[in-house]
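Record features, source TrEMBL:
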- 16-279: domain 'UvrD-like helicase ATP-binding' (DOMAIN)
- 37, 38, 39, 40, 41, 42, 43, 44: ATP binding site (BINDING)
Ligand SMILES: Nc1ncnc2c1ncn2[C@@H]1O[C@H](COP(=O)(O)OP(=O)(O)OP(=O)(O)O)[C@@H](O)[C@H]1O
C-alpha cells in the first residue's frame with residue numbers, strides 16, 4: 001500500500017475552515033505564490049496545511065524537502081511544531097524550518113572548508129551578537145579596532161578577495177576563539193553561495209518548496225539571498241504576510257518585498273479576506289484602521305469574520321486615569337469581573353500591551369494586581385541576566401519537552417500532551433510510533449527519563465540527568481539551534497524559572513507548573529512582543545501621547561515612513577483581541593492621531609466605573 005494519500009482524498013486537519021481561496025493556496029502545484037492576508041487570517045496555519053498536503057500526498061516525495069524560512073525564532077518553531085504533530089516522523093523530517101540567520105549559520109558550518117584559505121574558522125564555532133561591551137573589549141585589545149563596516153548599516157561582504165587588515169584581524173581573532181557574530185555569518189554564507197555553484201545546486205535539489213512566513217519582515221539582504229539561490233530555479237515559493245503588520249522597518253524590512261517577488265519570481269498574488277480570530281465589532285475596527293493605512297493608489301480590503309456568537313456588550317472601550325496605580329487597580333477589578341462572568345476564561349486570556357518600557361509599568365502595576373488576587377507576568381523580562389526572555393523560553397522545544405516529562409511524572413498530562421511527548425521522544429530515539437513493538441520501547445525510554453525526576457532535588461540535577469540519557473549529539477541533531485552556547489542559556493533559564501515556581505509552591509505541583517507556564521497570570525508585554533499572539537481581552541495600557549512620542553515626532557517631521565511604522569504597530573496591537581479591546585491612559589493626553597482614528601470609527605465607548 002502506498003504511504004501517500006491521493007490528492008482527491010486528502011483533507012485539511014484540526015477543524016480548518018477551508019474557503020475556495022484557501023484550498024487554491026494549499027493545492028497550488030506550479031506557481032510561486034504571494035499570499036496577502038490580514039490579522040487572524042490563519043497565515044501560518046495555511047502554510048502548515050499546505051506542507052501537510054505536499055508531504056502526505058507525495059507531491060513532495062522523499063528525499064525532496066520543504067524549507068520554511070522566517071525572521072523570528074518563535075515563528076520558525078511555531079510552524080515546525082504543527083507539522084511535527086500532524087505528520088509521521090519520516091514526513092515531518094522533510095519539513096525544515098529555520099530563521100534566515102540559523103540557515104546561514106548551518107551553511108557556514110557545513111561548508112566552512114570552501115571559504116577562502118585566509119578564513120580559518122572551525123565548524124563548531126559559537127554564534128552570538130557582538131554587543132557594545134564585546135566591541136569595547138575588542139577595540140581595547142586589538143590593534144586597529146572595529147572594522148568600519150561593522151560600525152554602520154552593513155551589507156554582506158564578499159570575502160573572496162582578501163579584505164583589509166581590520167577585517168582579516170577580526171576573523172583571525174574569532175577563529176582562534178571559535179566565535180562569530182550574525183553579520184560575519186551572513187558574509188560567509190553569501191561568499192559560499194556566490195562562489196560555489198555546487199552549493200546552490202545542492203540547496204535547489206534538496207528543497208522543492210520554499211515557504212516564507214512573515215514575509216513583510218524580510219530584509220533586503222535576505223531577499224538578495226533568495227534571489228541568488230532561487231531565481232530561475234524550479235523551487236516553488238509560497239510567501240505569506242501582511243504589509244499592514246510591517247513593524248520591522250527599523251531592522252531593515254523592506255515594504256516593497258511583495259512587489260519584488262512578483263517581478264523577480266512572477267508570483268501569483270492571492271488575498272485571504274477572512275479573520276478567524278476577532279468578533280465582528282473588532283473586525284469592524286480593524287477594517288476602519290485599514291482604510292486609514294491604505295494609500296489613495298490602493299483599494300482598501302474588507303475582512304470578514306468567521307467567529308460565531310454576538311460580541312459582548314461594550315466590547316471596545318476607553319478610560320482615562322491619573323496614575324499607573326489607579327489604572328492597574330481598575331484593570332485588575334475589570335479582569336476579575338470578566339472572569340466571574342465567563343468561567344471558561346483564565347487570567348492568561350488577558351493581556352496588557354504597551355508601546356515601550358514594560359518593566360517600568362510592571363513595577364507600578366504589580367502591587368494593585370496582587371491586592372486584587374491576580375498575578376501579572378512581564379513576558380519581556382529576562383529570566384536571568386544574559387539568559388532567555390520568559391516569552392521566548394516558553395516556545396523553546398527543550399522547555400516544552402522538559403515540561404511534558406514533568407507533567408507526565410506528576411500525573412498532570414492530558415491526551416494531546418502525551419501524544420506530543422511521544423512524538424518528541426520518537427525524534428530522539430528514532431522509534432516508529434506506528435509499530436507496536438517500537439512504541440513499547442519508546443514508552444520504556446520515556447519511563448527511564450521520568451525516573452530521573454525527583455521534585456525534592458534541585459531542578460538542575462534532574463535536567464542534567466535527563467540530558468545525559470538523551471545525549472547531547474541527539475539533541476543537537478534534532479534541534480540545530482542548540483549546537484551553540486544557546487543550549488546552556490536555555491537550560492539555565494529553565495532551571496531558574498522552574499526552581500522558583502517549585503520553591504513558591506512547595507506542596508502544590510500543579511500550581512508550580514501553572515506558575516512556570518504562566519497559566520494563571522495576566523500577561524504584560526510590548527506590542528512588538530505581542531505580534532503573532534492572540535488573547536480574549538487586550539488592554540492597551542499607558543496609551544498616552546508621551547508613550548507614542550515616535551508617532552508624534554513623525555507627524556511633526558512629516559516623516560511618512562515612520563508614521564506608517566507607528567500606525568502599523570498600533571494595528572498589530574489592536575488586532576490581537578478576540579472579544580474585548582480597551583484603551584487606557586494614566587497621564588497626559590491621548591495620542592491625537594490614534595485617538596482620532598478610534599473616535600471616527602464610532603465603535604469605542606466610555607468604560608463605566610467599577
Ligand atoms: N482556516 C481556519 N479555520 C479555523 N480557524 C482558523 C483557521 N486558520 C486559523 N484559525 C484560527 O484563527 C486564529 C488566528 O490564526 P493565526 O494566528 O494563524 O492567524 P495569523 O494570520 O497568523 O494572524 P496574525 O497575523 O494576526 O498573527 C487562531 O486561533 C487559529 O487557530
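Using N, Cα and C of the backbone, Cβ positions are placed for all residues, glycine too.
TrEMBL labels come from automatic prediction, so no person has curated them.
Bear in mind that the values here come from a model prediction, so they are computed numbers and not experimental data.
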Judged by the number of other CB atoms within 10 angstroms, which among 38, 39, 40, 42 is the least packed of the binding-site residues? 42
Would you mind pulling the DSSP three-state label for residue 44 (ATP binding site)? helix
CB neighbours of residue 41 (ATP binding site) within 10 A? 23
Inside 8 A of the center formed by the CB atoms of 37, 38, 39, 40, 41, 42, 43, 44, which other residues of the chain have their CB, for the recorded ATP site? 242, 272, 274, 275, 276, 277
Considering only the binding-site residues 38, 40, 44, which possess a Cβ situated under 6 angstroms from at least one atom of ligand 1? 40, 44
Using all protein chains in view, find how many other C-beta atoms are within 10 Å of the C-beta of residue 43 (ATP binding site). 22
Reduced DSSP state (H/G/I helix, E/B strand, rest coil) at residue 38 (ATP binding site) is coil
Cβ atoms other than its own within 10 Å of the Cβ of residue 44 (ATP binding site), all chains, total 19
Are there any residues at least 6 positions away along the chain from residue 37 (ATP binding site) with a Cβ closer than 8 Å to its Cβ? List them or say none. 43, 46, 240, 241, 242, 271, 272, 273
I'm checking region-level scores; what's the whole-number mean pLDDT for the domain 'UvrD-like helicase ATP-binding' (16-279)? 88
